[in-house]
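First the structure, in the form of structure tokens, and then the observations on it.
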């Protein structure tokens, strides 16, 4: 406490901010962090720990614990993310099968698990066993016939509606932030934006539960994107346990980047792809230390998931494939065509989905989220049930489309006409003419493809957890499988054509339709998300198809080129702009020849800049300025006449400092002088105690001159993560440029609505 006393000795007054007070250095909700400041604070903290570590053994041990805390957090994130992913996979399998029937021996078994233990299952009827009964068998003791079909159909729809209603109700009541994919918001948070509660414990719990419900309901969505959100919630939870991360928003984001890698690792069983996904697609600031820690978190998460073994095949990969035929150069042409299809599908999907989401936000449709989910679920279930390729879960569908047709396959897609004289080994079955089952499957796949394309546009963005990876891959896999069968039949019937003559002899196994499905899946996923390197790595980790990297690369690059020709934004960037988040994309180029003076505020005709003076304003003056404006901070100048810049004070810290000073420092009243200098100003006798606020003053705010090109300013904001930048001329303050000003100027230059940027 500072007691009132002789003002002549006020040079010895304690700066009450020498000891940090609660909430200093924190940020308000929906505001951007100052990366430079967070980095500086962490450097100071590290320097303090290093100097203290030389004082005693205990301080040295504490410094070691601090150094290892990052690896401990990564270990905990990997363990929890892997466990949650395994539980989600097992629960989804069971609840998806629950829509069609139940296991009598143990109701918690899925169809596959139920029939594993049966001794009465034959190879041809391996999906049928006495322990597993469809609802019609259980309720009316009929497995065939119109009445059994109608009953199963009705219960399928009822279960789907029940799951979807429960999911949307839980999200709406307990955790509104648990809806959607989560990746657009994660990208924005990692760029430095604050969305309180988005990575909270309630969001983690509700998103995990509702993710199981919505995937089981049969809606056209996946769990992979939301699993990244779940992993980041785990990262946020564990980082809050360590002061190194909980008190520094910049360090916290390093943990979240690694958590995103762990999320993709468990979503696809692709640890290396997860690290690359975090680097290429999600992270804003990704130092080398974060790369190592991301790798470790992804490794632990993958190991944990493998220990749980949710797929029951002792493999980490979701769609393991084993093709016995190499690909040929002539096949690059259909692979590139699939890339073109993926790019066109990506463009179509983004434009239609954003138009629908904008309509949802701006019309009465957005007021009825529960009704929207129920209607879309009902339409999906009614149309999906009659077609076997849409009735099953999307992951199972993709798995079947990726599969090569071996001698033991019973799928309709493998109903080829066999040569009775064939004596080939089992692993090398030659190309054969398609049978009636293949033609029937082609029609069903074509209908399923159209249905998936349309319904996914309306499903993504509803008020439920909804991922886009699996539906996009399903669209590409269906298109790819159909193209693959077409090329296979063309090669069989026209093996004397010049393009087939060199590599496709009669009786040889030339074309693998499953490979085309894999390439098509990669192309469509790339067209929607605009991923390239991480996409290819995820695909070969996902399938185990290491030797097919070149076809995957060709399709991924082609789909990106085609999609970029219609617009540079991927689906996540489009949703970021739709929501008005202040995200300054590193990939965006700024080529316009404008200057800082064209963008800074105040502009001509506007009120002068609100500033603080270094030693001539009272507490009441500062409080009035804060009350009358909504700016996030104020430049501090020598005087309003000279306007020579001293530093920058944040609004939140001014409010907290004055509030704490009134509570902790005697003699501070409304007419006390506020000063930001080292020594107090000369004051008349009997003046109230002055308030020293130098501690909260940023003495090195980033400044540019008024003639700095905006191209340079944009680059500075991107690379340094600035919140604001002051514009000066010869040391005299002219104006300020905030991140929102930069984004609005960029939108204006691109002929977009600048008012769409809502946050700072």
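Glycine is treated like the rest: Cβ placed from N, Cα and C.
Automated prediction, rather than curation, is the source of TrEMBL annotations.
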Where TrEMBL places transmembrane segment among the ranges 399-419, 420-440, 441-461: 441-461
Among ranges 125-141, 176-192, 227-243, whichever one TrEMBL labels transmembrane segment: 227-243
Where TrEMBL places transmembrane segment among the ranges 515-540, 541-566, 567-592: 515-540
Annotated transmembrane segment segment (source TrEMBL; candidates 6-26, 27-47, 195-215): 195-215
The transmembrane segment (68-92) touching the transmembrane segment (515-540) per 3+ Cβ pairs under 8 Å rule: no
For the transmembrane segment (195-215), sequence-distant contacts whose Cβ falls under 8 Å of one of its Cβ atoms, 6 or more beyond its ends: 29-30, 84, 87-88, 91-92, 95-96, 163-164, 166-168, 170-171, 174-175, 177-178, 182, 185, 188-189, 221-223, 226-227, 229-230, 232-237, 256, 393, 464-466
Tertiary contacts of the transmembrane segment (441-461), as residues 6+ beyond its ends and Cβ separation under 8 Å: 180-181, 219-221, 345, 348-349, 352-353, 356-357, 360, 376, 379-380, 383-384, 387-390, 397, 411-413, 415, 468, 471-472, 474-475, 478-479, 481-482, 485, 571, 575
Close approaches to the transmembrane segment (68-92) from elsewhere in its chain (Cβ under 8 angstroms; 6 or more beyond its ends): 208, 211-212, 215-216, 223, 227, 230-231, 234-235, 238-239, 241-242, 244-245, 254-255, 258-259, 262-263, 265-267, 289, 293, 296-305, 307-311, 393
Residues of the domain 'CBS' (600-664) by DSSP state, where helix covers H, G and I: 24 helix, 17 strand, 24 coil
Confidence summary (mean pLDDT) of the domain 'CBS' (697-755): 89
Secondary structure content of the domain 'CBS' (697-755), with strand meaning DSSP E or B: 24 helix, 19 strand, 16 coil
Beyond the flanks of the transmembrane segment (153-175) by at least 6 residues, Cβ under 8 Å: 95, 98-100, 135, 200, 202-203, 205-207, 209-210, 213-214, 216-219, 369-370, 373-374, 377-378, 380-382, 385, 391, 462-465
